[in-house]
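Enquirer: Checked Swiss-Prot, it gives:
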- 9-29: transmembrane segment (TRANSMEM)
- 95-300: domain 'ABC transmembrane type-1' (DOMAIN)
- 101-121: transmembrane segment (TRANSMEM)
- 137-157: transmembrane segment (TRANSMEM)
- 177-197: transmembrane segment (TRANSMEM)
- 236-256: transmembrane segment (TRANSMEM)
- 280-300: transmembrane segment (TRANSMEM)
Amino acid sequence: MGVYILRRLVSTIAVMAMVGIFIFLLLRLAPGDPAAVIAGPTATEQMVANIREELGLNEPLPVQFVHWASDVLRGNFGASVFTGVPVLQLLSQRLEPTISLSVLTMILSVTVGVSFGVLAAWRSGGFVDRALATFSAIGYSVPVFVIGYILIYFFAIQTRWLPVQGYTSINQGVAPWFLHLILPTVTLSVPYIAFIARITRGSMLEVLSEDYMRTAAAKGASPFAMLFHHALKNAGVPILTVIGISFAYMIGGVVLTETVFNVPGIGRLVVDAIKNRDYPIIQTVLVLISGLYVLINLLVDLAYTLIDPRIRY
């Protein structure tokens, strides 16, 4: 196990190095100039050139990359080119809404998705199974922002049951915090519920056809014990993989969802940074997301040994 973890850590360093190079080049080669955005539409070429020099954008790309990479290795992710506020400080101010939305979405997606998939497999071809097929088709095909606007129209504008937009900190009360997160959470959960449910159903169907499941039924095991003690445990590896992938990919959905519901989280910060060509913010967020994705994959691989003792590294 120790050798495997060490090998994965070494490969992680290599992956993060390549990701850093790709992110740096992608932003630098993309259209747009942060100096021109800062200077404004009425600025002269000399003013833009002076700002580029202040930001170090007039240096060769290899030199810019070395400066940026060395700062990152020291834990210095720079400051916003517009506000001058350190990037980590900006992220810490936006962290609570994003974490709240992500955690609630993951809880809802896993709970409903796994339960839906188990029931669909247990009654394959029945009403629940057909309902899952319909729901999955909708969840896969309809964009997150469309789902968000539909929910806003029915549950916020027409019925006025829930807030339309915005966010209330949990420090100001659990009830308003939760009410403001219901619509964003449901919106972001729809595609992940569909994804997790379909994979759970397929994995459960494969396990339910095994001989030991028929043996358990012959011994008088209850349906609950057969489903959740025997079948779900043995079907857990692909389900855990899907949950890990869903959590890692959720960041992209968070950006759209926070924009639709005007949630002041990291997603909104990234959108504003892209509009303003604020390189330090974009680079930092992309690097942190990449690191989180790699870490989640490592944790999922290690969790396999807890679900299935036959797996050894």
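Cβ atoms are placed via backbone N, Cα and C, with glycine included.
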Enquirer: For the transmembrane segment (137-157), name the stretch out of 9-29, 101-121, 236-256, 280-300 with the most CB-CB pairs under 8 Å.
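Expert: Selected stretch: 236-256, with the most Cβ pairs under 8 Å.
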Enquirer: Give residue numbers and ranges for long-range contacts of the transmembrane segment (177-197): same chain, 6 or more residues beyond its ends, CB-CB under 8 A.
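Expert: Sequence-remote neighbours of the transmembrane segment (177-197) are 100-101, 104-106, 108-110, 112-114, 116-117, 120, 132, 135-136, 138-140, 142, 144, 147-148, 151-152, 155-156, 162-163, 166-170, 239, 242-243, 246, 250, 253-254, 257-258, 260-261, 263.
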Enquirer: Sequence-remote contacts (6 or more beyond its ends) of the transmembrane segment (101-121), Cβ cut-off under 8 Å?
Expert: 128-129, 131-132, 135, 181, 184-186, 188-189, 192-205, 208, 227-228, 231-232, 239, 243, 246-247, 250-251, 254, 257-258, 263, 265
Enquirer: With a cut-off of 8 Å between Cβ atoms, can you find at least three pairs linking the transmembrane segment (236-256) to the transmembrane segment (280-300)? Only pairs 6 or more residues apart in sequence count.
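Expert: Touching, yes - the transmembrane segment (236-256) and the transmembrane segment (280-300) meet the threshold of 3 or more Cβ pairs under 8 Å.
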